[in-house]
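Engineer: What follows is a structure written as structure tokens; I'll ask about it next.
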Amino acid sequence: MTWLLYSTLFAALLLNSDAANANERKVHIVYMGDRPKGDFSAKVTHHSMLTSVLGRSSSAQESLVYSYGNFNAFAAKLTEEEVEKFSEMDGVVRVIPNHILKLHTTRSWDFLGLSQSNVGAQLQGDVVIGLLDTGIWPEHESFNDQGLGALPSKWKGTCQGANFTCNNKIIGGRYYNSENRYYEGDLKSPRDSEGHGTHTSSTAAGDRVPLASYYGLANGTARGGVPGARIAMYKVCWSFGCGTADILAAFDDAIADGVDIISVSLGSEFPVPYDVDPIAIGAFHAMKYGILTSSSAGNSGPWPYSVSNYAPWTLTVAASTIDRKFVAKAVLGNGQAFTGLSINSFELYGKTYPLIWGGDAANYSAGASQDLSKYCITGSMNSYKVEGKIVFCEVLWDGSGVLLANGVGTIMADDEITDFAFNYPLPATQISTSDGEKILDYIKTTENPIATILLGETLTDYMAPYVVSFSSRGPNPVTPDILKPDLTAPGVDILAAWSPIAPPSIDWEDPRSVDYNIISGTSMSCPHASGAAAYVKAAHPDWSPAAVKSALMTTATVVDPNKHEDLEFAYGSGQINPAQAIKPGLVYDANETDYISFLCKQGYNTTTVRLITGDNSSVCSSTLNGKAWDLNYPSFSLAVEDGKQIDGVFTRTVTNVGSANSTYTVQMYSPPEFSISVEPEVLSFSTIGEKKSFTVKVSGGFISQQKITSGEIIWTDELEQYRVRSPVVVYNVLPGYTFFPPQTSKFQKKPTTFHGPTTPSMHHKNGILGRN
């Protein structure tokens, strides 16, 4: 039902968009690709181009939204006719509409093995994490700057807004709204009214705060992975979503400001080529300046090919569980007790209330029926019958239907979500449908049925870690030869800081105010990886983005494949292990030249590659398409067309970052379906920074309709100090599906959509997780 509502709403939005007045000005990004060398004023050039199309300098000034510095591009409000004129103009590579994307922890860092004793502030103080998000609440105790020294000398950022003050912890704050659209509650500053950005910022780099909890649940010391690091907030997301023009502007500023890691918990729900993906383009430019972009995989799982942010120069993060889960019990008048998933912060003190089935409380005056009210849909409930009662509902919802009808609490039966919990605006729990049948039978066979809902409890999840159902899955929808996601990190039931003016539950009208909240999503796993990347960067400030990424991937903790039918398509190389990542032994390094070669083999030409790189020296010397097997990636993916033989040869180069005089020997493990050979099997190094190359051959029989199978190669030094592991996956694809071609038109008309959060209703802003 949730997906039907989303689909209906999205279809209506598309129809309304098609019917819009052609003369209405809408924000578009005009991209020229390569930035001229020498003395070049972007703003003057872009204003001149606008004047030539719009006819007047004053009109050009009113139309211009952003003039990007690191990309030769600008954002402006244009009519359809003006868009066509720019599309035909010499030097313009593409005109892209301003699509709206959506957003995609006490215990979690200890669960990863990064205890407080591992965390030192001295080196971290030079590392800046830039977050593209909903803003931040600067007065929160998680952002206390006590003990932090002066700002890094490299820092060139600023703080915008009259009601927003930075300190030595939050050293930058900017906000972007190219649509100039503000709704009730939106704040025209980097200040956070949604909660999402405050949560992600504190997860990555929040200070240590003892006795943090959500109404007593998850009590402990809240902290980020790198509490000594600095934070810069780039507010690109609002109550309506995140504009692509704003995302590019934020990347532009973050690069110029001097951040070291960029954390992006948002993305597109449908695959788009790299040359029209603002996150891929922004991340490429960041990579050129030595900045790693950590991004969320998306919340569209467990469907295959649903992963987003799949560019090989980004770190793509799935979401997995930690060894903690939240439950709440529903107890009936006959003594039966049922345990359900819930972050229930409400205490009924054991008092029982009348229990009613939602189907017996239809609001007929509002046009509802028993078939609707049994689900407790908002507006379908009869308040005369619901008031003062606990309501049994036959689907997971946000609780607002019962709350607005003056109900006391709700027991919801639903099997669709079984591995993470929501918090609600009233006493609530979600039980299984089989337990729901027992409760319904009790209601129908008891003269005066009663029940109560107990305060939430914290249980140990001994099965952790496993990738949660909503986490988007591979294969990579654009480049099948690049395994995505890259790795997984905690993203389920994460306690972290919260904006005091943001609703604390999935009902966006919940009036309560909290300092900490427990939410789930790849938006929560992404800042864990961002914090881990900052931890590595602090230890190795001269490492490239690819080296930092490689260290995280090759030292990741192996995830139990028996818990995941989709194997590495769920968890990539494994769960991040920050403490181990600072000493990987060997790294798979890559640079701009490597990625350009990769793009050329993926069907991009000189013009479209320059759209991504922004450099007129970028050239595709060959027009032949090829595999991505020679990109120096820390994992191996072999996509085999149906009916073809398993046969792939990968070339890789590793750089020694461990001991100067060392020898590594390879071990190969493969399933019966294929074999792995490596040549040479021994690599000897005499200096730090020395590089050695090797070849991996994956071979087997002819296969069709083969789901993913996987093996691994592991390089180990003679002292067994270092263990460098890479997964090797083999799977079938349809004939001809070897890569996703780049955009061919200069004007991208197909809209990019967004990470659609898996939510129990349309009635809230915060999705699973805040907002994805």
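Numbers run from 1 along the shown chain.
In case you wondered, yes, glycine gets a Cβ from its N, Cα and C as well.
Automated prediction, rather than curation, is the source of TrEMBL annotations.
Copying in the features that TrEMBL gives for the protein in this structure:
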| type | residues | note |
| --- | --- | --- |
| ACT_SITE | D133 | active site, charge relay system |
| ACT_SITE | H196 | active site, charge relay system |
| ACT_SITE | S523 | active site, charge relay system |
| DOMAIN | 27-104 | domain 'Inhibitor I9' |
| DOMAIN | 126-574 | domain 'Peptidase S8/S53' |
| DOMAIN | 630-730 | domain 'Subtilisin-like protease fibronectin type-III' |
| REGION | 748-772 | region 'Disordered' |
| SIGNAL | 1-19 | signal peptide |
Engineer: Do me a favour and check the Cα-Cα span between S523 (active site, charge relay system) and H196 (active site, charge relay system); whole Å is fine.
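Structural biologist: Distance (Cα to Cα, whole Å): 8 Å.
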Engineer: Helix, strand, coil: count each for the residues of the domain 'Inhibitor I9' (27-104), based on DSSP.
Structural biologist: 28 helix, 26 strand, 24 coil
Engineer: Between D133 (active site, charge relay system) and H196 (active site, charge relay system), what is the CA-CA distance rounded to a whole number of Å?
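Structural biologist: One finds 7 Å between the Cα atoms of these residues.
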Engineer: Of all the active-site residues given, D133, H196, S523, which residue's CB has the most CB neighbours within 10 A?
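Structural biologist: Of the active-site residues D133, H196, S523, the highest Cβ count within 10 Å belongs to S523.
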Engineer: Using DSSP, break the domain 'Subtilisin-like protease fibronectin type-III' (630-730) down into helix, strand and coil residues and give each count.
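Structural biologist: Once the DSSP states are binned, the domain 'Subtilisin-like protease fibronectin type-III' (630-730) shows 0 helix, 67 strand, 34 coil.
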